[in-house]
């Protein structure tokens, strides 16, 4: 091999340069070592460390902060939800309650018995977490965010478990069998809705398709039957069906619809249904959806008086009054049926705006003169004056009065303003509207500018239950009187059922021209699966335990089965006075939310959604009593533990 000699470089010169290179490299390595030492040991080097550390290298965890990463790895779905912005952040240390898997233990087993209690339908905490660690974690969360709603504290303030000791299962076999029949009716109605109308608002059972309706607009909200059914499915233990409904809410409930919607219907069905589902299950999904939707309703209150208009576009926020409402007025039963839900929106969000909106409505009503102490059905949202002097305990007025007494009860009997308004209104109703028929039936007439219209609507039949639940808090000398009045009205409404061929009640019945508790006009003879009569049966059973109310409820079940059940669901009928029924092809969402729920509760023990803890909104969605003092005590205890 021949080596070429580099010109001008000797062998000795090459050796010298190699030793210089060695010295240079030695110096350079020392410099690099010095730089890296500074990088890793100087106090302000944390950010630079991240550049050089491997992404997979385990980071050191400080005490009290490592659980978040663990939770994200163990529950990737929950981690995904936490990354989305929320209207209200949950308190540190609080974990959302999750349902158990869909598989259910064998009937009669110890596990099956335990699964009936609501607190046992949730995932247990880590078995390695000690009681003291749980208490400390919860207390730290409460101390860090004292105004944040705590589901754990809320449950601690309930007097009884929501689903009772045995899911409200009655002691006698006959009543248990009747309750199971109602549950079967619910499953039948739900299965057909899911099969033929999934995602639509309601089922048309004869044509086997879905119905949207004009309450939520052609481009408005969808899935009314799903939201209305969430709590019914849950309390009945239909967990597969409940989980299907929950999954639809998660994946398909679009609250950004750009269509008109009834403020009243969105509030009682959607907001009420989501709130109820959250309080029963602890699922954060429902709370977040309720708060998101509640915020979208606020622009309806942008009127000179703060009285909201009846229709709102959830996308644009524009609102207007119903075209049929007299002189652009707002409806008493609509703007007066927001209080329960809005109080809970404030509770969950710590945002007082919802409470301020509904309290302003009271302020306007207390300021204006009321004819004979009565509240007419139409009020101008511009002037704040009554538009017509039409008073009704049925349609257009009904749930305003209901929400007065229920606001008092839901406040743990601290809302004295609601109490005063309710009993004053009831006194005026008794003086002006309560009537006796020649045969002794007690009924609620309507008042039109001082002239009585001797008509009582099916919607007014809720008043038996309303007066009943308010009897105990009236003046001591009137308590028995109110309970008797409640029983008399409920009896009259039962008569409207028994005097029809189908044993179902008409939309309205009259007490004139020789008629008593019967519809005299063809336009009043229909029945659309309404719940109000059964609602009063349920309340009167709870208050008196008179077995006749359960018997009357069973009569209604048999009539519904015979005349309203069709091959693919339940349908209203056009004429209750003929055995050759014509169906209206509509399975109303309130049939699932109210009618079947009230029947199920009627045949259950009283500890299923006990009235000491729960108040039902006008769509039969149970909302908990707000015990401010208890919640504050719990928060104080949490703070003490944290310290």
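Using the three backbone atoms N, Cα and C, a Cβ is placed for every residue, glycine included.
The shown structure was predicted, so the numbers you read here are calculated from the model rather than taken from an experiment.
As written in TrEMBL, here are the features:
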- 22-42: transmembrane segment (TRANSMEM)
- 59-68: compositional bias 'Polar residues' (COMPBIAS)
- 59-144: region 'Disordered' (REGION)
- 69-86: compositional bias 'Basic and acidic residues' (COMPBIAS)
- 117-128: compositional bias 'Basic and acidic residues' (COMPBIAS)
- 129-144: compositional bias 'Low complexity' (COMPBIAS)
- 160-179: region 'Disordered' (REGION)
- 265: active site, proton donor (ACT_SITE)
- 398: active site (ACT_SITE)
- 461-493: disulfide bond (DISULFID)
- 507: active site, proton donor (ACT_SITE)
- 532: active site (ACT_SITE)
For residue 532 (active site), identify the closest of the recorded positions 461, 493, 507, judging by Cα separation.
461
Neighbour count first, Cβ atoms within 10 Å, every protein chain included; then name which of 461, 493 tops the list of disulfide-bonded residues.
461
DSSP helix, strand and coil counts for the region 'Disordered' (160-179)?
7 helix, 0 strand, 13 coil
Pairwise CA distance, residue 398 (active site) versus residue 493 (disulfide bond), rounded so that it is a whole Å:
15
Might you list, by sequence position, any residue in that chain lying six or more from residue 507 (active site, proton donor) with a Cβ less than 8 Å away from its Cβ?
457, 458, 519, 524, 525, 526, 527, 528, 530
Which whole-number value in Å describes the distance between the Cα atoms of residue 461 (disulfide bond) and residue 265 (active site, proton donor)?
20
What Cα-Cα separation, expressed in whole Å, is found between residue 493 (disulfide bond) and residue 265 (active site, proton donor)?
25
May I ask which residues of the same chain, at least 6 positions away in sequence, place their Cβ under 8 angstroms from the Cβ of residue 265 (active site, proton donor)?
215, 216
